[in-house]
Amino acid sequence: MSTGDFLTKGIELVQKAIDLDTATQYEEAYTAYYNGLDYLMLALKYEKNPKSKDLIRAKFTEYLNRAEQLKKHLESEEANAAKKSPSAGSGSNGGNKKISQEEGEDNGGEDNKKLRGALSSAILSEKPNVKWEDVAGLEGAKEALKEAVILPVKFPHLFKGNRKPTSGILLYGPPGTGKSYLAKAVATEANSTFFSVSSSDLVSKWMGESEKLVKQLFAMARENKPSIIFIDEVDALTGTRGEGESEASRRIKTELLVQMNGVGNDSQGVLVLGATNIPWQLDSAIRRRFERRIYIPLPDLAARTTMFEINVGDTPCVLTKEDYRTLGAMTEGYSGSDIAVVVKDALMQPIRKIQSATHFKDVSTEDDETRKLTPCSPGDDGAIEMSWTDIEADELKEPDLTIKDFLKAIKSTRPTVNEDDLLKQEQFTRDFGQEGN
């Protein structure tokens, strides 16, 4: 058996022990605990990852302590049975229940500390420095987020009586259209505590721990409100219910539904912001909890033009406004991330020219006082046959970045979003959503 097999078998046996323990079948539970601990010990022995090893060790200790407690109880029960009547033995289960509750109270604080420690990395202590103006287009989505996030914090007196800010927003659309980037802008612009989590932060291999993580996440958000919980790829946690769904997945979904509903808690001041590429796979109950469902489509011409300008930034180039509009027109069907890839490739074209050049020539710099070498054609006046390895660092001038570099990059970079996916997104928008442009 591999390490994963030992761990899976150990968790299976320990879960059986927990179920028996809960049902007060302590003798069977004790045996199951020790059978499971044998496998966890083997998993611990062969596990190579230090973090996984620490987690297995902590769980091993926790279950070992419980098994030892059951052992003491069973020994005590046997001793009592020898001295007392059978009726006295029936009362011992009640005593054991009390012991279990006390143990839960003692360990509850420690467990919560561990869970909060695991979630601490989800809190963004430093703002990502992405402003609203850094997000090209998507004016509808930005206005919705300002209404839900900025206004309630800045003007709380506007939200009284039945006028309450939105508590759940779902951003959906094809991959690479800026959903996570919008979330970064929210984190920068909002004067709120920002929790950024994905399914990997909330799903645990240990039975019952995932729903505890969800509960603690919302508890931390309520303690630090105003706050925003951003769940990236929310579909991984809240897919459609079906026969193939695991019990663990159902419990996570149920806990998330309870927390988003705010049952038994004051959740005002907590916004849940979800992002997904496949909204049609969301469970209908979860979909309903997101009061606003905003479609983040592929960028239009104006947005694509702006994206080229933003991605080029302050890199030296000779592109004009008309050149940027041309590039925007040529990239219809490209997502924001596709355009970022195009620009990245184009920015490397001058470097590739340097690497492949066989001739260089002298050119003047902006101050006209120094001369530098730049790649050229062998037929150019003043061309010197040499390689870039023959040139000192302060003597080299990279070629100008031109629209030709971008045209070459566009030819080699195809859009990643297909027509079928867009049709599904548009159908979902007609059925359940609203446009983000």
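Cβ from N, Cα, C; glycine included.
As written in Swiss-Prot, here are the features:
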type	residues	note
BINDING	GLY173, PRO174, PRO175, GLY176, THR177, GLY178, LYS179, SER180	ATP binding site
COMPBIAS	82-98	compositional bias 'Low complexity'
COMPBIAS	421-437	compositional bias 'Basic and acidic residues'
DOMAIN	3-80	domain 'MIT'
REGION	74-114	region 'Disordered'
REGION	364-384	region 'Disordered'
REGION	418-437	region 'Disordered'
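Positions of the features from Swiss-Prot, shown on the structure.
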residue: GLY173; record: ATP binding site; CB count, 10 Å: 28
residue: PRO174; record: ATP binding site; CB count, 10 Å: 23
residue: PRO175; record: ATP binding site; CB count, 10 Å: 14
residue: GLY176; record: ATP binding site; CB count, 10 Å: 23
residue: THR177; record: ATP binding site; CB count, 10 Å: 27
residue: GLY178; record: ATP binding site; CB count, 10 Å: 27
residue: LYS179; record: ATP binding site; CB count, 10 Å: 27
residue: SER180; record: ATP binding site; CB count, 10 Å: 15
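Beyond the region 'Disordered' (418-437), the same-chain residues lying 6 or more positions past its ends with a Cβ under 8 Å from any Cβ of the stretch are 137-141, 144, 171-174, 279-280, 287, 292-298, 300. Secondary structure of the compositional bias 'Basic and acidic residues' (421-437) per DSSP (helix as H, G, I; strand as E, B; remaining residues coil): 12 helix, 2 strand, 3 coil. Those residues of the chain, other than GLY173, PRO174, PRO175, GLY176, THR177, GLY178, LYS179, SER180, with a C-beta within 8 angstroms of the mean position of the ATP site C-beta atoms are ALA275, ASN277, ILE296, SER335, GLY336, SER337.
In the three-state DSSP scheme, SER180 (ATP binding site) falls into the helix class.
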